[in-house]
Amino acid sequence: AWDPVQKEASLKASARLVMSPIAAWSSAWGSPATFGPVFEEQPLGLLFPEESTEEKVTLACRARASPPATYRWKMNGTDMKLEPGSRQQLVGGNLVIMNPSKAQDAGVYQCLASNPVGTVVSREAVLRFGFLQEFSKEERDPVKTHEGWGVMLPCNPPAHYPGLSYRWLLNEFPNFIPTDGRHFVSQTTGNLYIARTNASDLGNYSCLATSHMDFSTKSVFSKFAQLNLAAEDTRLFAPSIKARFPAETYALVGQQVTLECFAFGNPVPRIKWRKVDGSLSPQWATAEPTLQIPSVGFEDEGTYECEAENAKGRDTVQGRIIVQAQPEWLRVISDREADIGSDLHWACAAAGKPRPAVRWLRNGEPLTSQARVEVLAGDLRFSKLSLEDSGMYQCVAENKHGTIYASAELAVQALAPDFRLNPVRRLIPAARGGEVVIPCQPRAAPKAVVLWSKGTEILVNSSRVTVTPDGTLIIRNISRSDEGKYTCFAENFMGKANSTGTLSVRDATKITLAPSSADINLGDNLTLQCHASHDPTMDLTFVWTLDDFPIDSDKPGGHYQRASMKETVGDLTILNAQLRHGGKYTCTAQTVVDSASKEATVLVRGPPGAPGGVVVRDISDTSVQLSWSRGFDNHSPIAKYTLQARTLPSGKWKQVRTNPANIEGNAETAQVLGLTPWMDYEFRVLASNILGTGEPSGPSSKIQTKEAVPGTPGAGAGRGRRPPPLAHALSRPQPMSREYQHGGGFGYLVSFRRQGSTSWQTARVPGADAQYFVYSNDSVRPYTPFEVKIRSYNRRGEGPESLVAVVYSAEEEPRVAPPKVWAKGVSSSEMNVSWEPVQQDMNGILLGYEIRYWKAGAKAAAAERVRTAGLDTSALVTGLHASTKYHVTVRAYNRAGTGPASPSANATTMKPPPRRPPGNISWTFSSSSLSIKWDPVVPLGNESAVTGYKMLYQNDLHPTPTLHLTSKNWIEITVPEDIGHALVQIRTTGPGGDGVPAEVHIVRNGGAVSPVSPRKIRVHPDAGIIPAQASPQGDKRRCQGPPAE
């Protein structure tokens, strides 16, 4: 028996050492939550320059804990004594070292954070001291070699830590040696290499070494060394690699790896890199003479080769990159709460190369196997936990590249049963005839023993009543007699407790109208009915599932909708049914105490699914045999199949001819006909039924039909072309596309003869892209007709000949000129030019004539040019200057160019028309006519005579304007009686052309009218020209035009 006094003493002696942060549990006595230290900041390794002016080093450490943590530090595994006023002080959790020195402070540091729950150890932080000494003060010996040879100048850097970067000076600062293919500075040794020396290399050289530390940079220069060059050796030398990368290079995952390789030689060797057992990544920098891998991975491990090559030979060097890795967690431990007396298994695992070793710490101290504790690499097992096992645990994984820590808290608990967090429900509703499950889950450690009672009756297991091992009470086939109070009693060696709830029996839920199975087509709508009855004191809800997956009927734009909002009606409507909507539908009516369900099957019929497994076999030049596997018929028998093909790379899918022509639905193979030889094809299959055509199969694998004799070429006949001078006959087939080549080795056979000749000459033109053949013969005259026919050929033979086409040799410019030319000015800006035609000559086909004209006094080379589009013998030249004399010549032209010039003719343009428009315009309306008058325009001395006037008339009934001519300063025209208003435009005309228009807006019976802007009347090509009529009479209106100049 358990002694209560002994129990109380044990509880006092073994106060909880730790508290899991994830539980945040307040004990039955109301003590605040506690948890062990969790690092928020850990120390980092530091490189401190020995010559730094900084007066201190700070290693950070901070942990979250309740109660707050206290801190201590270890150096090289030994506890440090941190006393006030000493050089090493504790500030918060940080370690501050004043005036650090390498002799006293270089080493490995760890922070330990502790509170009453336990202790954790931080990762290791290494404090190193960086330095760079000066180069030796001794003078450097000169280096001598022959010009044309290679040379190496050693750097011999001084003592340093860590590594350095190097550059070289020539003669003075800052004349640095360039990084070109002839020079190379090794960043491993600092040495300078020159592949082949020349006269520009003479001089004094100094090595510049630079140290880069965490917060400082230092550079030092060596003494100068003189490079002397003896007489030039002009011989060529094979490469000799002088800067070699090591046979083995070790690197950690993620690090940058650089391999160096440089060779002497004449000419300067070219460096090439390759991976012997793989390929180089295109992202790597492979510029001579280094191979740089920016972030190495395990896949980069292997053997690499550098090859130096020039015209005299080659040299190679190989080395292996070996990739290793620091430890990395694959599985970590997490905080655990466990009952006293229970067992516990913790496991952690880490990856790394070499494989990490795993060890365990408890409260910062090594943990090994002992009574109740088994430690085996990454596994830690406890049996029969006690309160003393509570604390902070760490799994430590380490290899030669690093150490990692995973921390967790173990809280071993001993608690009397407590129902405050999980009491038995006070009111427990249950459905008549149904089943009720009443859990009993008190907080207890160790697990409590549970008993149930109804009223004062202890419940035992029976056909209707079951108490499960975890304390849950289950009552089946419930009746009204089961109503009452039920109490759960829980007890362990720490104490006992109970909790009570009342069972209330309600009416059962029943489906009164169940959904019916249905058979529908794709796109149909369907409503599944579902009605239910239930206990009126509770709410009823409906849940629908399809093949046991819940349906969301509230999704906007979805295919499902609830058909009614009544509480007892749960009908579901399927809108625009798709194939995926077929299956088993379950309607569940449920309350908080029970539920009832009914099922129905919906079959959705639609077009067939995609056939599968398209296979191509029996490939010939124009046919293949296809086979496929049947897809889903989607509940409607497949009626037929359709085959499609496309040519690659980017052809469109097209239906193909097949054997049989109509492929029935039970077929799984057919022959494709009418294919093009030597073409790349893909094929696919589509299935159809009475509901439509389904999705196509995936494309078959790519095939190429076999070769065959080519077909007829696209025998376009070309023409002669002028250059080169001897090229007199040119045949131009259209480029033959792949679909007509029918095989490899494609080309053309061009046959030709002079028209009227009986014998043919034949030339072979290889290549499908060939577009012309040139026949050269000095005896061929210009524009000689040839008959040409073309056939194509390939490896399989020759195709049929094309139709015969007539091709002409190249034209030459016309040889004759028009014998006579006449020119006459017809207005201020136009002249009419006419000429006698030339006879057709044998140099080509005349296309027309070219008129050249230039002002008197100007050079003929500056002549303007216009061409006729046919063989007309006259033309109107426009855009000329008024009152100007022009010289004119005419030349015939063909496709080759223009012929000789005709004798020149002269013409002078007229004076310009008056610049003043007619003014003082007035008008008179009668019943059927309109009379208009204006002041006559008198030309100035430099203007052409006025021979008449043009009036453009447009009314509101007929938008097409009409042109009227008159030699007087008035005009009368017939107009309809219902005309309301009109636009009138009047201008002078004469030898110099038409003058500036005056435009007025005329309104019958209207008020004041003002002139309007020009450009409002647009002359229609069909505008009629009407002669003047008698003098105007009747209703008068007047519009004063612009004043005379």
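Cβ coordinates come from backbone N, Cα and C, glycine included.
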738-759, 782-803, 1024-1045 - the one TrEMBL records as region 'Disordered': 1024-1045
The domain 'Ig-like' (509-603) - residue tally per DSSP class, helix then strand then coil: 3 helix, 46 strand, 46 coil
The domain 'Ig-like' (327-411) versus listed stretches 37-128, 133-222, 610-708: most Cβ pairs under 8 Å: 37-128
Whole-number mean of pLDDT values that fall within the domain 'Fibronectin type-III' (709-812): 77
Residues in the region 'Disordered' (897-921) grouped by DSSP into helix, strand and remaining coil: 0 helix, 9 strand, 16 coil
